[in-house]
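Here is the structure we will look at, set down as structure tokens.
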Amino acid sequence: MADGTYRFQQPGAGQFYFQTQQHNHHPAHQRHLIRNGTSSPTGRLKFNNTDTPSPSRSPPLNQSPSHNSYTMYSQGHQGQPVMMNGQSHQRFGMPMPKFQHPTHHPHHAQQPHHPHSQSTQNLAHQHNFSGGALSNAAQHFTPAHLQNGTTSNVEDEIEEPMNEHWQQQLQLAAESRQASSPHYYARAVAQQTKGLQLSSNQADPNENGTEERNRATAVKDHRRQDWVALDFGGQGLRALSNGLFHYSFLDKLYLNHNKLKSLPSSIGELKNLTHLDISSNELTEIPEEIGMLTNLKKLLLFDNSLQTLPFELGYLYQLDTLGIEGNPLADVLKSRIMQEGTKSLIKYLKEEMPVHLPPSNRDWLILDETGKNSANGGNDNKFTALTYNTLCDRYATNQQYGYAPSRALAWEFRRDLLLNEIRGHDADIVCLQEIDQGSYHGFFREQLAYNDYKGVYWPKGRAQGMPEEEAKLVDGCATFFKGSKYILLEKNMIHFGQTAVRRPDAKGQDDIYNRLWQKDNIAVIVFLENRLTGERLIVVNAHIYWDPAYKDVKLIQVAIMMEEVTQLAEKYVKIPPCTDKTAFRFSEPEDGKESQGTSTPVEPAPSVEYSSASQIPILVCGDFNSCPGSAVYNLLAHGRMAEEHPDLEQRLYGNLSRMGMSHPFTLKSAYSTIGELSFTNYTPGFTDVIDYIWYSSNTLQVTALLGEVDKEYLKRVPGFPNYHFPSDHLALMAEFSVKSKKNKPVEADFGPQREKTM
């Protein structure tokens, strides 16, 4: 009965466990069975706490049974139900205090407790802890503690329960220690899939729209990537072949329970790994290249000899589980993962990462020996152009760039780095993308004015109609040019979406309104004239939509841009020559003295006249978000695109999709002269060429280019931005010389003498 005489009379802990005199048949375990005696031999003293809840009533909803100090199993360090003397039980019966236990209990057999004993039967009920709430150097139950996890004095504080982070560590460590047999994980998978056969009429798991997790997005007939895991566990390996690291498609790699003393730096080549197990080896350090494995979700390093961890682990922003149990790690590292978990430790390593040595400067590649000194301002017929996506502050978030330290992402830090880089290159023409209005008007225009730059800027279309403060955050395109070298003749902006809907053939074309019009990407066009030579130049600064799922939109945006540029070029041909081309000069030097060797200013040449739009030199710079070989690339390079191109996906865009796309300019990528760079955008999830400097090859010639980034530096850096590169894009720079116009050959007139001789 719940309301009997002994309603609240519960026995002491001693009556739930065997007393010393009751175990004469186990004398070897007497030291484990000594109990702190209770004040009542019978254990039937009534509790004075009248608020104690009835054991027959469920605890309140806001109270966990494990937090009730009067329940039988109140140990805070064990999360498993019905644990007696550290062992899991198959029988779940409540011991009754009114009945004496028999002398022998076969199902409560006592087992010796060792600090590092491994349970091979019940991993889910592992009870030997090497850290946290229990010491790994003492017995589980000391004379000061009862076996149910509470102290002998009910007034003493109960130990703080072990948190979920360390519980997970211990459980995973126990599972790892069990997996010591050769090819344990491969055999486990084979056992699970035993008897399962795939028939030809089975449905493709991807056909229902569910994407396969951790599967390379390759063509289905790529048989090699049908297997993405390797298990070398329990082989006694002492070294790894370099050939292993050529399998860059690997998703899981098991190297556990071997005798590896070191891990090759080539491990950084396996960038697709999501699971890496190097537990139970003899490792004393982890190579810095481990930071290149940014797709890792689980990294297990149990039972090695690691005393520290490389700061490059901070790059692993997707890591959910880092197993470090069984290593003599420094307290600052171990305590953080014990108390706050893997994410906290990774963030700590990322933020505390020291600044590495900067890479060597990118080479300036001379393609034409006559232009060797022109980068510093030599021949007036030559000029340099730079394009740079600066990564707008609004887009540089910790969620998007989780591998970058907060200090390296801070806009104040990055904008100074950007400014110094632009000033260092000192290009005649600078095209910047992703510059917000606030940064352009409040920083770059003012700062670059000290370097003789004048600027033209337009924000993206969504800035129209916004409040002023909100509009400042909208990014756009800015084009700067040296004021002492060029005169601005005209400037224009192309809003691709608005231009598309104004076309006469846009009626009834739903894709124009549903896909293209909603994107507010733009291009800024400036028409310049060289003060000294009179040569004119069209500079297009474009930023094309980014999403790979909108290849059709990218193609149509570029087609509209080139169509508009063609119309503008035809208008620019008719602009009359400049009459006043003299640059502003101070009447006297700043020191008040005539500078020595000052030469007479060169008389500006008259403006060059052009008979057609295609004769005007043109540069098309920017971030096109399209790789070499794409439809966008081919349209610019070849001047024409067929109407049935697969990137259009049979969508309707008026005459552009019915009749095809074309432009009259003979454009060529500046870097195609030597082969495109390895990349212009560098992040863990995407590394490829998407930025270009296109030039009209009939009027311009490339004479020099800015080269690649230091390859050795990139072996330990998984992505930009960082402390040396302020954007996820690279700056591209090229030097050009204007080709002289070809005049028609003059035929000699010999008069009537010629006719006589014939």
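Every residue, even glycine, has its Cβ placed from backbone N, Cα and C.
Here Swiss-Prot gives region 'Disordered' for one range in the set 146-179, 350-383: that range is 146-179.
Outside the repeat 'LRR 3' (271-294), and at least 6 residues removed from its termini, the chain residues within Cβ reach (under 8 Å) are 173, 176-177, 180, 185, 214, 216, 228-229, 233, 248-265, 300-310, 312-318, 323, 326, 403, 684, 715-716, 718-719. Among residues of the same chain six or more beyond the repeat 'LRR 2' (248-270), those with a C-beta under 8 A of the stretch's C-beta atoms are 176, 179-180, 184-186, 214-216, 224-225, 228-240, 242, 276-293, 300, 715-716.
Sequence-distant contacts of the repeat 'LRR 1' (224-247), counting only residues of its own chain at least 6 positions beyond either end whose CB sits under 8 Å from a CB of the stretch, comprise 179-186, 214-216, 218, 253-261, 263-264, 266-267, 269-270, 272, 275, 277. When Cβ atoms from all protein chains are considered, those within 10 Å of Glu434 (Mg(2+) binding site) total 23, not counting its own.
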